[in-house]
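Here is what TrEMBL says about this protein:
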TRANSMEM  B:33-54  transmembrane segment
TRANSMEM  B:80-97  transmembrane segment
TRANSMEM  B:118-142  transmembrane segment
TRANSMEM  B:162-183  transmembrane segment
TRANSMEM  B:190-208  transmembrane segment
TRANSMEM  B:245-266  transmembrane segment
Amino acid sequence: MIEAKGLTKRYGDKTAVNDLSFTVKPGVVTGFLGPNGAGKSTTMRMILGLDRPTSGSVTVNGRPYADHAAPLHEVGALLEAKAIHTGRTAYNHLLALAATTGIPQSRVDEVIDLVGLRDVARKRAGGFSLGMGQRLGIASALLGDPKTLILDEPVNGLDPEGILWIRNLLKDLAAEGRAVFVSSHLMSEMALTAEHLIVIGRGKLIADTSVAEFIERASTGRVKVRSPQAARLRDLLVGPDVTVADTEEGTLLISGLTSDQIGQTASDNGVTLFELAPQQASLEEAFMELTGESVEYRAPARTAERSAA
Amino acid sequence: MTTATTTVRPGRVSQLRVLNSEWIKLRTLRSTFWSLFAAIVATIGLGMLFSWGFATRVGDHARPIHDAATMAVTVPLRPYVIAQLAVGVLGVMVITGEYSTGMIRATLSAVPRRLPVLWAKAAVFSVVVLVLMEIVSFATFFGGEAILSSQHIQATLSSPQALRIVTGVGLYLTVVGLLGTALGAIIRSTAGAIAALFGILLVLPVLGEVLNLTSWGKHITPYLPSNAGGDLLTNAPDPGSLGPWTGFGVFVLYTVIAMAVAAYLLKRRDA
């Protein structure tokens, strides 16, 4: 359980995180979504007490992180991959962290097996790939068997097998009743993993909602119909609150009616339908729509041309 | 499936546990081994070389040295000046190695109160360097005096001030390393902290020589950190020097102040 209230972080006159309030509940995977530079990592560092908020507060399992007597048992965190001394082996890295709170050596072996690093555990971390670094970071997050997990972009640098592994791991951890807070700038990844979403842009909260609602909110409410009798259907459907647009020969885009209503009308009048499809914005579109105003770093014209094309 | 087959019992973070953690960290890095190896080889190797050179010089009866007996105590131990480079770099890297790699964020997440980390680093480093360098200092002294015995000018531990100087080498090097750790925690960059440390230890005394030319400067130079600390290791003090233990006390005081600043900043700054 993470509770942020009015969390704000300023660097000079630049506001990285602006009056952010949200709750991360146990038992579900909560996705923390935003474009690069939106303030996700800064927020996560403030949760862990690494950065001091300019104003506002954040608690983990009811207390500021630094006030916990056994922090590794409360929160496991993967901040950036490779918060690891490059000269130390994976095993010794975990052993040193475990020692701070009296976690036994057997647990170190266990998390190494859990993340699949057995073969390289005695090698120095400086030679690790990004993916191996991520796995080691996840191993250190799991060391204390914590109630809350905070993972910053955990799928970065992982291969497809690793991504699938993370996805299942996160869901299992949540199913065990833990609060799991995962940041990503990849909407599609979050759609597959998270149940709840906290979306930020330029440090501000944009949405705090379930994934299903998020898609719903971003859907256009239009229905695409393809029929050999398009002109007839058009006349049947048009009404005061209904607009019908012809996009191409034999295809209509209808607003103001549900697909059920349209199908019923067609059936009642013997109109043949080849296609009847509610138009949902893809998650990516929904995300772009919501965060479009708040992208920190944008390539000027080219991106716009592409999306127009 | 995911987590605990071993029961992980919540354990409180304690200073003792953080000490253990820092001990694991120190002994699992090759840089620790190599810096200490360099300090040992430099002290013993150069100590023998200096002793041999001095013995040869004393043997040249055409040019007698009048204070040979005094010098015989300190000549084998002069390489402490070189050893302090290796020990100082290690002291710096104990903390800046964590900042340069990002490890510091893992460390401070595990110990969010932060200060136990600094105390543990300082304590573990001190004990290791003190024990090791005391052994090396005694070994170098006995080895060097054995070489000087060829000219019958060898000192013993019961020679005037000898015991204090031999013990002092380990003490001085430990405090140099701790000053490095404090500067490392303040500056958070390996290159910057090493430059600051050796600026203080090696460059300031040179400026001190210039100060000595002025009437008021003479009162300042004895208080420069390496001059004050070096008082412990000499039996032929400069006029106006603070005396062995007062001088060393001043050097320790500088280090304590630097460590206090380091602690304040570690507690306050964003990691």
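Think of each number as a place in line: the chain as shown, counted from 1.
Any Cβ shown, glycine's included, is placed from N, Cα and C.
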Maximum Cβ pairs under 8 Å to the transmembrane segment (B:162-183) - stretch from the list B:33-54, B:118-142, B:190-208:
B:118-142
Dominant neighbour of the transmembrane segment (B:245-266) in B:33-54, B:80-97, B:118-142, B:190-208, by Cβ pairs under 8 Å:
B:118-142
The transmembrane segment (B:190-208) vs the transmembrane segment (B:80-97): three or more C-beta pairs under 8 Å (separation of 6 or more)?
yes
Who are the long-range neighbours of the transmembrane segment (B:33-54) in its own chain, taking Cβ under 8 Å and residues 6 or more past its ends?
71-72, 75-80, 82-83, 85-87, 89-90, 93, 128-129, 132-133, 136-137, 139-141, 143-145, 147-148, 169, 173
